[in-house]
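Positions annotated as domain 'Sugar phosphate transporter' by TrEMBL: 8-289. The annotation transmembrane segment is assigned in TrEMBL to 7-27, 33-55, 123-141, 147-166, 178-199, 211-231, 243-263, 269-292.
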Amino acid sequence: MSTGRITLTALVYMCFSVSIIFSNKLVLTTFKFPSYLFLALLQTLFSFVLIQALCSSRIRSDDFLEIPIKILPLSMFSALDIVMGIASTGSLSLPLFTALRRISNLFIMVGEYFLLGTKRSISVYLSVIVMVIGAGIAAIGDITFDPIGYTYIFINNVSTTGKALLTKSRLRDYDFSSIELIYFNSLLMLPILSILVYIKCEFSEIVQFEYWFDPVFLLYFLFSCCSAVALNYSVVQCTQYTSALTTSILGVIKNILVTYGGMFVGGDYVYTTLNFVGLTISTIGAILYVLYNYKSTQPEIQPRNSKTLIS
């Protein structure tokens, strides 16, 4: 794959990552939509239906019974990731959300080293540590501490790590295309999310939601679902042609916009000097990573074998 196409894939990923975070935040916080689980289910359903309608000819029909065995672990992490991601977006201010999400990069870096055999330069390790330290400082300076929101974000970081590593291994070991992986992953996620919605959701609150006929709300709601499709495709493409950590860090870079722009969206960010300093340190760490990763002359050391290391 050419450098130009890789760069374009990364830019598309970052653009839709920004748009879905802001749209989710507006839907859940500004309009106070009652169910993050229902939103996650609709985003997944939208992805599945769109691929089925437009790309069915590109989906393999052989080994259909074996595919769930190969994809189910990824689907479980993906379902948990989308639910916790949307839940934490609604529970925390966007600047704090983005800072705490950077901790997942440390998890992914450790996972890539032990499970995928990927080694990196010392400067890359240090830049990720700077991000994590900044996130910790930002959390200490958070005067609106919400234990539920912090629990959501921790689970989100763990699920993101599992999803990123499993995506890399499934693309590498089972020769899935990006479209196939999204399609089958969405297909297996639907029953998982449907069960969660059935158990946890108050359908009367969803049906009686006051903004269903508000054109502004509907615009954000539909944009959130559309962005989910594009984001799923671009994140798989980005992970396939770079690495799980690089994809995650690209998400961190786009969160520079979310970090500082998010201070003015949702109305739930409370400024403190310590929190702002922590956010800035974490952002600097993300910038350093990109510089070290793409300008370094040391190539990544890839594993010698291609056996699945995560199941």
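Keep in mind that glycine also has a Cβ here, set from the backbone N, Cα and C atoms.
Annotation: stretch 211-231 has the most Cβ pairs under 8 Å to the transmembrane segment (33-55), among 7-27, 123-141, 211-231, 269-292.
Counting residues 6+ beyond its ends, the transmembrane segment (211-231) has Cβ neighbours under 8 Å at 12-13, 16-17, 19-20, 23-24, 26-27, 31, 33, 39, 42-44, 46-47, 50-51, 82 in the same chain. When the stretches 7-27, 147-166, 178-199, 269-292 are ranked by Cβ pairs under 8 Å to the transmembrane segment (123-141), first place goes to 269-292. Here the transmembrane segment (178-199) has long-range neighbours at 35, 37-38, 40-41, 44-45, 47-48, 51-52, 55, 58-60, 67-68, 71-72, 74-76, 78-79, 82-83, 167, 170-171, 232-233, 236-237, 240, meaning same-chain residues at least 6 beyond its ends whose C-beta is under 8 angstroms from one of its own.
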